[in-house]
Amino acid sequence: MGGRPSVRGALCLGGGGAVCRGTGSGSDQCQGKGGLSTGACRPLTAFPSAALSEVAYAKINLALHVRRRRDDGYHDIESLFAFAEDGDRLHAVTRDDGQLSLTIDGPFGAGLDSGADNLVVRAAHALKNAFNITVGAAIHLNKRLPVASGIGGGSADAAAALRMLARLWAIDRPMHALAATIGSDVPACLVSRTLMGTGRGEALDLCAIDGLGGMPLLLVNPGIGLSTAPVFAGWDRVDRGPLVADTLDALIAEGRNDLYPPAVALVPQIGAVLESLAAQPGVRLARMSGSGATCFALFDDSAQRDAAAAAMPAHWWTLSSRVRA
Ligand SMILES: C[C@@](CO)(OP(=O)(O)O)[C@H](O)COP(=O)(O)OP(=O)(O)OC[C@H]1O[C@@H](n2ccc(N)nc2=O)[C@H](O)[C@@H]1O
Ligand SMILES: Nc1ncnc2c1ncn2[C@@H]1O[C@H](COP(=O)(O)OP(=O)(O)O)[C@@H](O)[C@H]1O
């Protein structure tokens, strides 16, 4: 991990490591899905310190070209994935009764279902069944990333759960195919390094771009959740051409996010976020990530990133981080 991550717009972060603007009462304040409502969450204190841990690194799509709508309803994309150094936190201990359980806290934990539909639980069940594991796991998720925001929070959580449970259950087998059954983004999140993704995003090649690793990165979200499917459905089906991104300059000049027009049609506030980011001194690239609404900016200089974060309106969520090398 590089520089200490900071988060603004969230009232408090459980689990330590970032700026806290909580009440100091000992119980974390939570933000609801895509909004700024608050509610009490369970503190993490009950979870054993000997638990295994994983970071679910926030995903960004440095560029996302949509090429074709397929007969199965998915779209063929070409996307350059990168990851922030920071994200959600997961912890796990074994359960001798063979059961799986999930508890959730953190600034975006309120309202997030911890039942069978949670992507962490889906990933855990899929792994357990695929390898006939008889022991169980108690999993804890510290939810720091906004939900349904184009930075793969759920996919990153699922991938982190796979990495963590593979360690907990001593599984040493490839998990890419299993990850792809959980979501198109989950294989990329499993690797959490800079990758070129094709197909529906699950066909991956490691991608080295000079100067990208360690670059100061700012994520900004206007506090509005946006589901992926309606954004793809709003794509105008015009193929605007392949993604060629072998250098940072090419990525900046030639890369696009083809999901920006349908996303901004659904959530106009994304336009204001992108405009504000692009206007900040020192920005090398400002673009929307995934299906939105989160936008990101890359900087050469961390002081300029921090000044940009400070210039964002207080009701927008921000995360100051770096690109994971
Ligand atoms: C758009 C991207 C870009 O990285 O990220 P997010 O904005 O979700 O973070 C991904 O393609 C999202 O991947 P993921 O979130 O795993 O999506 P999935 O669960 O597989 O699919 C959710 C829905 O999105 C649409 N979908 C997804 C991927 C794809 N290549 N084509 C699609 O049309 C489909 O309507 C599908 O039913
Ligand atoms: N652990 C999880 N974290 C976030 N979202 C989750 C999780 N499990 C299930 N979901 C659901 O997955 C959907 C996509 O969430 P998320 O992955 O955060 O967004 P995106 O795909 O836009 O990056 C949301 O509707 C959310 O309810």
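For all residues, glycine too, the Cβ spot is worked out from N, Cα and C.
Caution: TrEMBL annotation is automatic and unverified by curators.
As annotated by TrEMBL, active site applies to LYS59, ASP185. Annotation comment: TrEMBL describes PRO146, VAL147, ALA148, SER149, GLY150, ILE151, GLY152, GLY153, GLY154, SER155, ALA156 as ATP binding site. The domain 'GHMP kinase N-terminal' feature in TrEMBL is assigned to 118-191. For 259-316, the entry in TrEMBL reads domain 'GHMP kinase C-terminal'.
Each residue in the domain 'GHMP kinase C-terminal' (259-316) gets a DSSP state, and the totals come to 27 helix, 11 strand, 20 coil.
In the three-state DSSP scheme, ALA156 (ATP binding site) falls into the helix class. For the binding-site residues ALA148, ALA156, the ranking by surrounding Cβ atoms (within 10 Å, all protein chains) places ALA156 first.
Taking the Cβ of LYS59 (active site) as centre and 10 Å as the limit, one finds 27 other Cβ atoms among all the protein chains shown. Close to ligand 2, meaning a Cβ under 6 Å from one of its atoms, are these of the recorded positions LYS59, ALA148, GLY152, GLY154: ALA148, GLY152, GLY154. Other C-beta atoms found within 10 angstroms of the C-beta of GLY150 (ATP binding site) number 30, with every protein chain shown included.
Calculated from their C-alpha atoms, the gap between GLY154 (ATP binding site) and LYS59 (active site) amounts to 10 Å.
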